[in-house]
Amino acid sequence: MLERRIKKMERTIVLHNGVKMPIIGFGTWLAWILLVCKGKSLSDALDIALETGYRHIDTAYVYENEDVVGDAVQRFLNSGKAKREDLFIVTKLFGGFHRGDEVEPALRESLKKLKLNYVDLYLIHTPMSFKKSDKELVMLVDDHIIPDPVDHLETWKAMEEVYKKGLTRAIGLSNFNIEQMQRIIDNCEIIPHNIQVECHIYWPQNELFDFCQKYNISFTAYGPIGSPGRKESRLGVLGVADINKEPAPLEDALVKSIAEMHKKTPAQILLKYLIQRGMIVIPKSTNEGRIKENFNNQICLHWQTDQSKNDYSISTGLGNILIFHLNRWIE
């Protein structure tokens, strides 16, 4: 079974190849857009995160901020406050590079932007592959992305090769379902080390999580507090009829009551719920106070919730399944 115990000092999950992955990471999806809107910089947010204690940084080719992440990482390393082996950097293969001969060049391009010799985890960002454009990230026709079907097994074989070459310490998937994962597992040489999907109290991903436990695959939850920043970004709300009508986990009455009971914030309760299940979380914030609050939740990991009716209700997902469709823009 996957080692899900959180060590008091290390606060990591051990992947099935022995690599240790910090349970709390700093997410950068939409961060560039949101920070520009607020007149700040992603560099500042990353500096704050690293100084606060984050050692796990999550980015992706499609976020178009790998160079900014790389600059921040180099500044921190050059300060002498950490060594490269202390950090855990995650990036992702873009859907336009799924063909076997495209995977390694894509990763090398990301490494160049990140100013690194290797990443710690490389994920296939989506199960969908897209046609590329010379001018834009993807080819659009009438505002719709044009698919370019590539067999997942072809892409995964190329992922295994970059892993063997030492360009990444671990490989995995993002936004894949059980059926897609099972086909890869049944035909692969190296079982994925990690899966990253949307997961929060309204979509607890119980079936997928149990599946991953069966195969010793670590589980990362993105959007762990409901991705409230989507309301400030056009990209985050494409395809959503009225985002203001979506339920907000941070405002959930039960979550707020549990937070009050334990003298914590709603965000800390939402993160605690996932961490306590054995998941890795990558909350995103552009606010200095919340960046620190989210990480300080890790320092207080050993505060205990009880098995009161309220705490049990949150552990079972509040009886609701509400999906925020964080990737709906690609439909």
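Indices start at 1 and increase along the chain as displayed.
Cβ atoms here come from the backbone N, Cα and C positions, even for glycine.
According to TrEMBL, the transmembrane segment annotation covers 12-35. Among the features that TrEMBL reports, domain 'NADP-dependent oxidoreductase' is placed at 24-296. Taken from TrEMBL, the feature active site, proton donor applies to TYR63. Among the features that TrEMBL reports, site 'Lowers pKa of active site Tyr' is placed at LYS92. The substrate binding site annotation in TrEMBL covers HIS125.
Cα separation, LYS92 (site 'Lowers pKa of active site Tyr') to TYR63 (active site, proton donor), rounded: 10 Å. Across the fold, the C-alpha of HIS125 (substrate binding site) and the C-alpha of the residue listed as 'active site, proton donor' stand 11 Å from each other. Most buried of the recorded positions LYS92, HIS125, judged by other Cβ atoms within 10 Å, is LYS92. Look at the residue listed as 'active site, proton donor': DSSP puts it in a helix. Per-residue confidence over the domain 'NADP-dependent oxidoreductase' (24-296) averages 90 (mean pLDDT, predicted model).
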